[in-house]
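These notes concern the structure reproduced below.
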There are 2 protein chains.
Amino acid sequence: MSTPSAAQSAAQPAAKSAAQPARRGPYAKSRQRRESIVAAAYAVFAAHGYRGGSLQDVADKVGMSQTSLLHYFPSKRDLLLAVLHQRDTITQDGTPRDPEQTLADAVVRQARFNETVPGVIELYTVLCAESVTDNHPGLEYFTERYERLRRSYLRAFTALADEGRLRPGVDPGRAAASLIALWDGIQTQWLMAPERIDMAGCLRDYLDLVVLPA
Amino acid sequence: MSTPSAAQSAAQPAAKSAAQPARRGPYAKSRQRRESIVAAAYAVFAAHGYRGGSLQDVADKVGMSQTSLLHYFPSKRDLLLAVLHQRDTITQDGTPRDPEQTLADAVVRQARFNETVPGVIELYTVLCAESVTDNHPGLEYFTERYERLRRSYLRAFTALADEGRLRPGVDPGRAAASLIALWDGIQTQWLMAPERIDMAGCLRDYLDLVVLPA
């Protein structure tokens with residue numbers, strides 16, 4: 001699933017800088033440089049994974065030497081973390097923004113949005129799975145992200161249970177983990193056969209099974 | 001999900017050779033060599049991914065030169081395919097073997113078995129996600145595997161629908177894709193937090209929602 005929690009939205013340089021008034025001079029140039037490097041790294045890691053994509057590939061893409069690139073991001077690891085935060089600025093988490101919106105509507109809307117950004121989904125899918133390999137710098141990011149998302153959906157399902165709207169027998173904690181799991185897994189199938197996989201339909205079906213009508 | 005279809009069980013050299021009487025001489029030695037290379041490659045690809053793991057890592061692990069290794073497997077791609085087939089000999093697909101066994105029991109039993117082989121789950125998770133990256137040699141394997149699994153579970157859910165045992169409103173095709181997706185996704189969460197994720201419980205919950213009691 002390509003859906004960070006809303007709690008993650010702090011400390012996102014690209015989004016923040018976009019909201020600031022335009023500046024001139026060396027600071028603005030440096031910021032632009034950083035943004036182009038992150039965009040290039042994003043594409044390289046999505047296409048080859050973190051281990052498969054090299055700093056040289058990123059430097060080539062942005063027309064810079066590797067030494068200059070390392071001036072902006074001292075290590076490949078720093079670049080990966082910048083790319084993961086950049087991803088967070090693009091996607092939302094599928095929890096309702098508006099009190100009138102149902103959980104299912106929020107999830108389905110997010111899933112439909114994700115179909116418009118396949119590069120983001122690919123990056124997320126590849127880096128998340130790769131992060132379980134030995135000493136991968138993304139492991140902490142993804143582990144924390146899952147914990148945060150499980151807590152967020154646990155709250156949503158517990159609130160529904162309190163209203164008597166969780167189907168009897170459904171465990172809110174396992175439902176939270178299952179919704180996230182279904183979302184991740186259906187994105188992988190969709191990347192391989194987008195014309196055949198109805199991501200939003202599968203997510204809505206699941207929530208229709210778990211949540212009783214109001 | 002680390003669960004190839006039963007239809008895949010053809011052409012699996014390691015399993016076949018294990019069933020054959022022991023042989024001596026150059027043939028047996030060559031077979032042993034191939035088996036140790038595949039085992040080493042398995043560990044390397046699970047720990048670093050396909051792109052992150054090198055032929056030199058595999059050669060080092062098995063105490064052989066890269067040139068000798070290439071005599072057994074002419075390319076890294078051939079080695080990857082041998083590893084994927086080796087994985088197929090270890091896992092089953094979670095569809096009932098015994099006509100008395102329910103789909104939920106078969107899936108849960110398979111999920112519990114998978115907990116005993118975390119290296120297999122890691123290999124599957126990493127290579128499957130990595131296969132969507134540019135020109136990855138595993139893409140065809142995983143794409144076909146998903147198609148075969150979706151057909152297999154579609155048949156199972158359609159048979160249940162014919163018996164009146166699918167919950168009204170459940171679409172057998174989306175349920176097939178969703179069961180596979182949930183299984184894949186919950187394995188990823190389990191790899192990161194095995195003590196906190198109840199893989200078998202999540203799968204049983206889903207099937208309890210979708211399939212009505214007999």
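Just so it is clear, glycine is given a Cβ too, placed from its N, Cα and C backbone atoms.
Because TrEMBL annotations are produced automatically, they should be read as predictions rather than curated entries.
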Annotated stretch (DNA-binding region, per TrEMBL) among the listed ranges B:54-73, B:114-133, B:194-213: B:54-73
Averaged pLDDT, computed only over the residues in the domain 'HTH tetR-type' (B:31-91): 93
DSSP-derived helix, strand and coil totals, residue by residue, for the DNA-binding region (B:54-73): 15 helix, 0 strand, 5 coil
